[in-house]
């Protein structure tokens, strides 16, 4: 895949970063450090594979260190090499250096993490479901993929679609796109995108035409194709466990195209709608979307029309599972469905019928029935629901209920009424609901197809298959079996097609290759289902038996397959899971199936009485749905005498298999394109990938089999031209220069000259093929070679430059010597009298001549100036023409290339046509011969024709008789009706004989019904006979037409007959030979039978041994299970012992600590300590003994288990080898038996055939007749093919004529171009460099244009220099003339020097003109060469006239590209103007800073009020800190990104500083604003001082209050101890947080100082820029005085201005992006600062509580004085901290002075401070640890005076486990609190400094403060916010790299 530049990817718009890596990312990947020897993937149970680094290798074992830091030792076969970084996120996984499972998995994972969801894997495309919307299907993406080859664009479903479209047009072959995968993988979405693509690209210019021709359509064809999806999804899609929008039916959409590639029509075939979902759903699923759309109340008129409510729970059929789906808006979907119905042209009546039938199905589920008293008969339980359902279906409610409860059943020839139980009625209602819904769905598909059939001419189609994915549910029924079977068939088709194509590629290229069949892996499961005696066969057989049940079906399955087929298993019983009856091992996993109700589902019976009501319904739609329905009873009665095997009505499984076979036939007739959809995880989480799940799908989908072929074959392949161009640098001497050499031969020579294994590559016809990994080796060799070449080139260039410099130094030295010599000589003679006289007189002598020379020089100067102006004008004109010629040359090159490609294609097709022609001629010859043989049968055919004529006449007579019979029957019918009326009248009058009359009436009615049936049968016969008559007449006509031809064939047939007679004699002779052979074979057969009997006995013995071994295996397996259970029990006991040991250890540690802390207090405590210590030692010994015992037991069990496993493994291996050997021998014996049997059968057949050869001549005649018919069909096919070939030949002729015309046109264009080239020969200054650009594309052309522009500017500068020199000379001449006139004698020397200078300048000007002319001459030669090249190109064009149509297409595409680039140029100009406007708007941004500052003042007041409530948030803060840890982890990731952005922004700032020349006024305003900031900061400092004083006073009051309550606290000592435990834990956490915040503030100060240094440097750059501005102003004034140089100077300044504006625009955009990131980071900084403030209050509270305990201890203990001493020491430390704080205050004031000057850089400084967030946190944590160490050391020094203080300090840290308080602990608390008091004061001062720095951002703090208050509510949203930040960061990177 060629990597596109960011500029080329710009056409994809916002989708670019989701399709391909940016240039920056690709460069970073190539430069990323990588060690190919140690970087590997390692197999790991949890994550499947992990990235690791090899540490060591020893004895087949490898020790590695994983990414997570773990060290593993694995086998060498579990280690897989990692691909180099340049293959990261590769678009085609077949191109990877190392092909294996982990490489594919991690490539997909990394691309999925970057939201690149499409990836090629060789010949097909893999897509991973993103579970979120991505902007990769926008219209600009469709346009970008149109017409692109696969390798020209990133992987995408649009690329697959466009390739299929292009293949259809070029190969003239039907295409199909198979989108397969498991349920929930995204197949339906990709199907929509395919249809969207075709509907977009294939309708240009056709919409009006379609609208005109459609007439009745409500929308255009493309709209209708697109609208078919929403309608089908509403009625055919539902929520399942794995997919919210799962297609519950399969569809094959065929999109037909006309001859020009435009949309012609479309049709849809559907498969296996899951109609059971209408009445039943699982808990986590729901029914079809349409039910919930209707009840969404988006269209209230529907609710009223359908007589339903808006609550789905009111309807039993649709509320068994869930009723809402979060990802689907039912209201919007209803509008889309309703709109689709209108667009697809359904009539209003049909639309209403669809809704009414859907509502009726919902009402069906609510119909209630009950059992009659004392009977099993069911009766309606209310008629309200039935009335609604009947109303919606235009039925009579009473008739409907009667038909349900009392259906009429046909028994023999009579109909009787049958009673129904309640359950039977409910079953019938459910069946009717499913039938109505299914038939309505199929009717809608038929109507859609009618609407999409536009009757336009169509040639080829592209089919898109979207069928339900593989399903494994908790409850799997017949529907799931059918779906999974379909996927098995598709997977087998996929395997066969894809892998055969890959291997045929090798054969096509002429590479030796042994074919590997990968398509039979799934045959076992497929045969188990569909072959005779398979599951479907047994199911249909059971449906034939009236008394068959599910149990009998299951028993037959078990008898037939259980234990005989490896894919058929008995499921395991799992509690809580649905019952399963058998399991099948599919390619995607094992599925448990429940066969309940399969027989009924397969027969699909309906209540015929209700169906009859449907057929008579006034609703036309309902009546038409069931118009063709035939009852099972009628069919079964009719079939008894006709068929033996099955009924005439089709079962569901038979119909399914028929449709599936049709589908597979369709697919095999097309060229398929495969898209494999992958589910990344089971939880539908965007961005998450489960390794095992993905690997399972990759194995099932054939991805890894494809890689297996790549590993065996040659996955890397390069065209010879590309290989020569790229790798020629490896050995340039291998390819001779200056002579033509074929690319293939050059590649062969090049590879032969390189030291690589020759078996690792193969040469094909057009490509060179490489084994996996070799291409990576070649790339490394190429990189090394390029490095050497570049180093050598640099050395040569440096040497050349130094030599040039040395020559210049020598020339200057010689010039100095010459000048010095002449000056010395002149100084010696200038005072001579004669010389003075000479100086005075000589000018007078030549004054007149000088004037003439001056005049002449002026004229020459003027002429030179005019010529220069003309030259400039011509040069501009030539430059314009040159650009045109360059474009034309590029166009011609593209045309030549495209025509060459087209010519190659045409030649290939021509060769294929010639081959086909030869084959067809051979076939024609063969057919002709056969046709001659068929003439012999002509007489018989003539006789048959006469016989058929007689039969026709007889049939006509029969038809006449039938018509008479029909009339007679009609009369009898009328007579019968009259008789019935008479009988009815007699019945009214004769009550006495009513019984007899009733019987007679019944008999008459039956006779009447029989008559009607007979009449219907006769009518059917009449219709059949009419059709037969028509068919026979057509056959007669055909026979008459072929009569003449067969007469001609008769003679040849007679000759063939004679030939057959000769063959008969030969056959009789061979019969005798066969008899002899038979006798020999009989003898051999007897021997073989004897051997077979021996082998069979041997096999039986081995089978007995095998059975014994299997029993032994089972026993060993049971023993293994017992051992495993023992191991598990031992593990459990060991875990329990470990837990007891840990508990004992913890208790012992607590006891020891208490003993140590209480040691020395009293003698009782000492004794208790000794006892507890003894107990502790005893417990420890017991624990160690128990541990050793457990370890020994576990080791013994492990050893036993390992030995058992090894022994079993050896036995199993031996058994497997024996079994394989026996199976092999068995198969060989079977083959021999089959061969012998076949030979015997062949001999017997040959004997019988030879004996009856004479009698078989008649059979041969009949066979010849069949052959004649076949030949006739072949002749017709050949005739059609010949016509098609003639049409194609005519088309080719027309194309040749068009190309001839185009060639002549191009010749004329060539002549015109030649004339233009001759006119432009004189002054093409830049043609030399443009020559090189002709070999490159538009990128190189731009580069050449830049070079031309630079040279043009150099010429302009030279011209300006000449003009300045001439003007200066003119001024000097005028001065000299004036001086000469006043004092000619005295100024002779000066005039002479002026003359010399003037002459020298004129000479320089002439030399420059000559140089220009020389360049023009050089360019004339170059132009001549260009002309020759153009002529060569024109010759190439003439040779490529066979593909001119493709040339026109390429030309139009290139014109589009040029137009796009022109548009981009215009856009660039517009952006330049816009940037000038943006420069004026910069001043407004400065006011934003001021507004932000004012908002910060308001925030200060808000924060003051909020600080009063912080006391109540301590408990919340503890939880928030834990959550903050997670956020810090995310911040660390963000920090890395921000650091990278900081570097980019810093570089951009350096560029942007040049654009600040015009910002002096802004700087002044900023200084004024900073003065205001300073005053505000001073005021805030004063306010903070007041707050600190207030806090001190509050603390004093609290201390006094604590002293007064000391006695009360002594009584509540135990309670205080418990409180203190919690407080101490909180105190430690708060101290850490305070230290963290304090260090963050200190680090911010340090970073701020660094930033000040940077800003000072920036100020210096600004000063330099200002000085540069003054210089520019002076230069501008000089330019204005020089009118003749004005234009050149203006152009220079304009170019400078444009560059400056672009830099400023880039910098401003980057500054805006950076400010957004700064805002985000400010919020995080705010979190830390606010936390710090809360912690200050928390510490003060904790301090007050701790001081209460301290006061109590001071009065109770004698050693409180030592704690006071320690407090004094801490006071000294406090003083030191105060001094430090004062020093920091002075530094702060100095910094504020600097801030005043550079306020507008404050955001960047804060960003720099915040970007080091993680490092600051680490430093702060380190500092916290240092301070804790200092505290501990200080406590140790204090412990010298107080024994045991150190133990008490440790005890304070573990207060949670302490139950008693003693005096030593109080002393330690006193010390700790004193230190905390000092620290708090220091922290407050430092917090003030941090707050002063952050006060400009306080307005931004409000947002995060609010987030902290609602932390618990936002916990679930935190991760999504981090993801958004990542996406935003990527967009910023993308924008920066793009700009």
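Positions of Cβ are set from backbone N, Cα and C atoms, glycine also.
Check Swiss-Prot against the ranges 637-659, 660-682, 683-705, 706-728 and you find region 'Actin-binding' recorded for 660-682. Looking up the ranges 732-746, 747-761, 762-776, 777-791 in Swiss-Prot, the one annotated as region 'Actin-binding' turns out to be 762-776. When the Cα of residue 188 (ATP binding site) is compared against those of the modified residues 132, 391, 758, 1287, the shortest separation belongs to 132.
Across the region 'Actin-binding' (660-682), DSSP helix (H, G, I), strand (E, B) and coil residues number 9 helix, 8 strand, 6 coil.
For the recorded site, residue 181 (ATP binding site), the DSSP three-state label reads strand. Residue 186 (ATP binding site) is surrounded by 24 other CB atoms, counting those within 10 A of its CB over all protein chains shown. If you draw a 10 Å sphere around the CB of residue 758 (pros-methylhistidine), it holds 9 other CB atoms from the protein chains shown. Looking at 132, 187, the recorded positions in this record, the fewest other C-beta atoms within 10 angstroms of the C-beta turn up around 132. The DSSP breakdown of the domain 'IQ' (783-815) into helical (H, G, I), extended (E, B) and coil residues amounts to 33 helix, 0 strand, 0 coil.
Closest to residue 181 (ATP binding site) in space, going by CA atoms and restricting to the modified residues 132, 391, 758, 1287, is 132. When the binding-site residues 181, 184 are compared by the number of other CB atoms within 10 angstroms of each CB, 184 has the fewest.
It is 1287, among the recorded positions 183, 188, 1287, whose Cβ has the fewest other Cβ atoms within 10 Å in the structure shown.
Cα of residue 182 (ATP binding site) to Cα of residue 132 (N6,N6,N6-trimethyllysine): a distance of 18 Å. Nearest in space to residue 183 (ATP binding site), taking C-alpha to C-alpha distance over the modified residues 132, 758, 1287, is 132. Cβ neighbours of residue 391 (phosphotyrosine) (same chain, under 8 Å, six or more residues apart in sequence): 307, 397. Ranking the modified residues 132, 758, 1287 by the distance of their Cα atoms from the Cα of residue 185 (ATP binding site) places 132 first.
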